[in-house]
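K.L.:
To start, I am sharing the structure in question, which I have written as structure tokens.
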Amino acid sequence: MVKKEKAVYDTLNMLNFDVTKKCLVGEGWCPIFAKSQIEDVLQRATLHSNSQVGIIFHEMDTIDSPPTYFRTDKFTNAFQEIVDAYGVGRYEEINPAVYSVITFPFLFAVMFGDWGHGICLLLGALFLILREKKLSSQKLDSFTEMAFGGRYVILLMALFSIYCGLIYNEFFSVPFHIFGKSAYACRENSCSDAYTAGLVKVRDPYPFGVDPSWRGSRSELPFLNSLKMKMSILMGVSQMNLGILLSYFDAKFHKNALDIRYQFIPQLIFLNSLFGYLSLLILIKWCTGSKADLYHVMIYMFLDPAGDLGENQLFWGQKELQILLLLLALVAVPWMLFPKPFILKKLHKERFQGHSYRFLGTSEMDPDSEPDSARSRHDDFNFGEVFVHQMIHSIEFVLGAVSNTASYLRLWALSLAHSELSTVFYEKLLLFAWGYDSLIFKLVGLIVFAFATAFILLGMESLSAFLHALRLHWVEFMNKFYHGDGYKFKPFSFATLADDEE
């Protein structure tokens, strides 16, 4: 009761007292959809309080940037919080949380791909969701509260992990013939030489995911490394292109033609001239089964663009295309750097040419007394500052295109680490204990395996994959289009008072 009373008086103190009309005057923000609701509430308040003064509610013009408000429900709220932890979007800026609902759990699952572990996560998420009403009314410890708040994020992460686990064909690191027989078989009737002399292909490829026969073979690690590394690059380039495309829609919405011409177009050209081309080579190599060395192709694209490709030629006209893409990438850098600052300078001169006179002061607005007013802002243009900012932005994008693409290789690295850890626990704990005849040994081995799986793989590994997925969204994806320098709309509410600390 005291908290509510204090909050009411604290809010009243923000209003101004009009002596002549003997009423309170306040300015504030409200969502457009809530205007009619506010008017109704104010009218009811006037009637209930038997006020002598009628309430006047009208819109005002302002030069201040409005706060940002997104209506979320219990499903989308956690994804919005993930984005807001990076920075609250400025008013009318594209909201990355819309895309993160799918991309975030999917990138997590790429690193955590095991449908056995995915089922464990799914059971945990379903437990939290089914006991939602009961848990929401209880006081929880910090860890349980965090897990409960992100229960729908965990649900999607679990579902995607099951999907990726089926593609990797891993169930606690054990492969299963779920979708039919393996495409490979032993050279002879006896399978004693399966992992020494190798297997031969006897039927059509395995219909879905990785063939279970790769597990335990001599080629397992080179094959899976190659697959996951190339897959990581394809996903990274796709997500970065999505970020650049979103910057186009943001600029188009705000009618900013300069950003479209001198940022979006050169950025798209630069990224795809280098890493879009690498993605194309990966797809062609997968489809044709070529033995070309893509490292060699990309390195000598810069060192010797006119040189002979030899065995590394994947398609006709590759050398000519590489020279063209290299020239486009070189042109894109000055295209990003120089035109925009000079065009802004020219527009500023044309706009304020001959404006050497001063504005007359009025009782309503005086630029001398209000330095933040719109009238005084025409003197704020600083060409040096604008040019340096554009130069930093251009250098950051050019260097970031390389480092961000390399950063997506963490998808491969963590997926490999998760798979190898699962294999170690399965073979060195469970199978080792199962090799003894003693029931006690088997039971101890099973308990240790269960605890190792729960705490290391489901606890630490899932947290690690979550943090890396978070980093990929914050740094590699959102920096292409998201400013995140706004402030959140915080309406007065008695419901939030209980959570606030004194």
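Every residue, even glycine, has its Cβ placed from backbone N, Cα and C.
The transmembrane segment annotation in TrEMBL covers 106-130, 151-168, 231-249, 269-286, 321-338, 439-458.
What's the neighbourhood like for each of these?
P.N.:
For the transmembrane segment (106-130), the residues of the chain that approach it from at least six positions outside its boundaries are 147-148, 151-152, 154-155, 157-168, 170-174, 231-232, 235, 239, 410-411, 414-415, 418-419, 422, 453-454, 457-458, 461-462, 464-466, 468-469, 472-473, judged by C-beta separation under 8 angstroms.
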K.L.:
Mind checking which residues of the chain, 6+ beyond the ends of the transmembrane segment (269-286), have their Cβ under 8 Å from one of its Cβ atoms?
P.N.:
230, 233-234, 236-238, 240-241, 244, 292, 294, 297-298, 314-315, 321-322, 325-326, 328-329, 331-333, 335-336, 397-398, 401, 405
K.L.:
Do any residues of this chain, six or more beyond the ends of the transmembrane segment (439-458), have a C-beta under 8 angstroms from a C-beta of it, and if so which?
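P.N.:
Same-chain contacts beyond the flanks: 117, 120-121, 172, 418, 421-422, 425-426, 429-430, 432-433.
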K.L.:
Quickly jot the same-chain residues contacting the transmembrane segment (151-168) by Cβ under 8 Å, restricted to those at least six beyond its ends, or write none.
P.N.:
74-75, 78-79, 82, 101-102, 104-106, 108-110, 112-119, 121-122, 124-126, 128-129, 132, 178, 208-210, 224, 415, 419, 462, 466
